[in-house]
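Student: Before I ask anything, here is the structure I am working with.
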């Protein structure tokens, strides 16, 4: 994200495409037909699909596609079929890719005529080829082309480059996350909606509408919300029920930051232990963070509000300098809870005996 490579838009341009669908039980024949139809404009000449099994028994699908004109796409989900998302690679050596796909297939389907490419070692004897030791670049290129998941990618590196694996594991984990990103599942809110029982609901509703529920101009800047009050009053459950969010408790971990979140929650973290508090409270854009076990990266492409939740004994405002407090008050709606207030409605009382007797 902070690196230049991660800011580049996805792009694939090649007449030979190698696709890997991890955890995909799709029938190879059906997959072939669907992929073939996707690339009609580039005049498909050949496709091979094979279904294989991981060691854990789960299924994955490999596909080699050859077209007359180079496939040119900028949408990383162009080759998605029935909800399955592939790793998209250029097949630099179609002969090797085809051999790899056909090594241990459970089911295979082909369409068209395979177009072989000349071997890069053409003209050399077998002994010369065997004596040539592959470079690290060649080993990594082979691993990138043939791995089907994060686990397999790291396992192949550990096997082929054990010293590099043991000394540079965090960099390989970073590249594994880039090659095999987690597909965001459709958000299902596990926290039921609640109606706060407050003395001043209006101030909260006035904050919710423009900052959470209403879409706004990307150039506009949101405003954060600070809630301080007793424990066991439903603050966290209410805050988490509003929609997709980044949630931090005890510490702020940027490694799993979700750009698609609508807002952030800082829950029960003392002021002195909240890094980038100004950027979060001020709903700033495009600031740099430093994850504990990763590279620095740029986050928050658009302005996002932050809900800060604190108990009375760790009130942020008591820890701030006058200058910090001035910034905080300018960028935050502050709600200090009164005795008896809750962030959920009180349960309905059961009918009295008198009501029962009247109905009878």
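From the backbone N, Cα and C atoms, a Cβ is placed for every residue, glycine too.
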Student: Name the residue range among 252-270, 271-289, 290-308 that Swiss-Prot annotates as region 'Transactivation'.
Tutor: 252-270
Student: According to Swiss-Prot, which listed range is motif 'RCR-1': 10-13, 14-17, 18-21, 22-25?
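Tutor: Feature motif 'RCR-1' in Swiss-Prot: residues 18-21.
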Student: Since Swiss-Prot lists 52, 60, 62 for divalent metal cation, which candidate among 26, 29, 37, 104 does it give for that site as well?
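Tutor: Looking through 26, 29, 37, 104, the residue Swiss-Prot assigns to the divalent metal cation site is 104.
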Student: Would you mind telling me which of 92-95, 96-99, 100-103 Swiss-Prot tags as motif 'RCR-3'?
Tutor: 100-103
Student: Between 175-187, 188-200, 201-213, 214-226, I'd like to know which one Swiss-Prot lists as region 'Oligomerization'.
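Tutor: Swiss-Prot lists region 'Oligomerization' for residues 175-187.
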Student: About how far apart, in whole Å, are the alpha carbons (Cα) of residue 60 (divalent metal cation binding site) and residue 234 (ATP binding site)?
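Tutor: The Cα atom of residue 60 (divalent metal cation binding site) is 44 Å away from the Cα atom of residue 234 (ATP binding site).
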Student: Reported as an integer number of Å, what is the Cα distance between residue 52 (divalent metal cation binding site) and residue 236 (ATP binding site)?
Tutor: 45
Student: Grab the same-chain neighbours of the motif 'RCR-1' (18-21) for me: Cβ-Cβ under 8 Å, and only residues 6 or more beyond its ends, written as numbers and ranges.
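Tutor: Same-chain contacts beyond the ends: 31, 35, 60-65, 79, 81, 84-91, 97, 145, 147-148.
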Student: Helix, strand, coil: count each for the residues of the motif 'Nuclear localization signal' (292-303), based on DSSP.
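Tutor: Helix, strand, coil within the motif 'Nuclear localization signal' (292-303): 0 helix, 3 strand, 9 coil.
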Student: May I ask which residues of the same chain, at least 6 positions away in sequence, place their Cβ under 8 angstroms from the Cβ of residue 62 (divalent metal cation binding site)?
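Tutor: In sequence order, 18, 19, 20, 21, 49, 50, 52, 100, 101, 148 meet the Cβ cut-off.
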Student: Across all chains shown, how many C-beta atoms besides its own are within 10 angstroms of the C-beta of residue 231 (ATP binding site)?
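Tutor: Result for residue 231 (ATP binding site): 10 other Cβ atoms within 10 Å.
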Student: Return the count of C-beta atoms lying within 10 angstroms of the C-beta of residue 52 (divalent metal cation binding site), excluding that atom itself.
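Tutor: Step by step: centre on the Cβ of residue 52 (divalent metal cation binding site), count other Cβ atoms within 10 Å, giving 18.
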